[in-house]
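Visitor: From Swiss-Prot, here are the annotated features:
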| type | residues | note |
| --- | --- | --- |
| COMPBIAS | 311-328 | compositional bias 'Acidic residues' |
| DOMAIN | 31-100 | domain 'S1 motif 1' |
| DOMAIN | 118-182 | domain 'S1 motif 2' |
| DOMAIN | 196-264 | domain 'S1 motif 3' |
| REGION | 298-328 | region 'Disordered' |
Amino acid sequence: MVSQTSTATIGFTLEDFAALLDKYDYHFSPGDIVAGTVFSMESRGALIDIGAKTAAYIPIQEMSINRVDDPEEVLQPNETREFFILTDENEDGQLTLSIRRIEYMRAWERVRQLQAEDATVRSNVFATNRGGALVRIEGLRGFIPGSHISAREAKEDLVGEDLPLKFLEVDEERNRLVLSHRRALVERKMNGLEVAQVVVGSVRGIKPYGAFIDIGGVSGLLHISEISHDHIDTPHSVFNVNDEIKVMIIDLDAERGRISLSTKQLEPEPGAMLKDRDLVNEMADEMAEIFRQKRLAEAQGIPYEPPTSVDDTDDEEDESLAVSAVDE
């Protein structure tokens, strides 16, 4: 005699089993992050057990944010890790997975954090184009505009160079990661600079609005309005490229990576930059000290009193002696 239990067991068909699986099957949707175990490696991908009825598949191009030539560079049999569900089930009921998407999301999260901390990062230039240079930060492709590359060598020679960089723009939605080499250099250089400091620089470029002065590997702007007290039609009438001049720092803007310079404040008399540049260079330190004293007086809210020169003191003494002689 066959028991009822045995009859029930015999009557449990494959269709019943499939229906039971459907009843308790988890629903997977694109965008979900799930745990999965590698159970089969293929030449261009791998099969992953994530608890679905059919093994999910991850193609080699979705295994990393970086280039992968062999799946075993990233995955090993029986390894368990997180996967991103990339697509719905295909006609065979198979899901497509991705590790690259997870790395991509976390990379953007990391660069946003680095930008918020105003961190300086380093990266090798892997290519250049007409607009600038290309680097990778946390696996993401970043762009350095030509105007933010501060280097004395040709742009195309930067390939392979390890550069310090600051973040200019981090926009995941638009897939824009823009960085500045110049700002990183200026920030580092600024640690040894201060307003009212006199430095020697070389004219590296001349524009209608001013001259760019190289001061130890970084550029500062000598605006046309800060060249002289006298009117100047164009900086070209005052400077030539590669001229060596003394300039005074009048502003340091670390956030924008800008150094503002002046020769106007170093003029012992108006127009000296146009008439006698050697005199400006000779008296640069003295005029810079006067500039510092003026700024200090302004900060304290008191009027500035220029120091009495030695010649003026001698004249006063001569006048005093002359008066004494007359009295006698």
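Here the Cβ of each residue, glycine as well, is placed from N, Cα and C on the backbone.
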Visitor: May I have the DSSP-based helix, strand and coil counts for the residues of the domain 'S1 motif 3' (196-264)?
Guide: 7 helix, 35 strand, 27 coil
Visitor: Do you know the DSSP helix, strand and coil residue counts for the domain 'S1 motif 1' (31-100)?
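Guide: Counting residues by DSSP class gives 7 helix, 30 strand, 33 coil.
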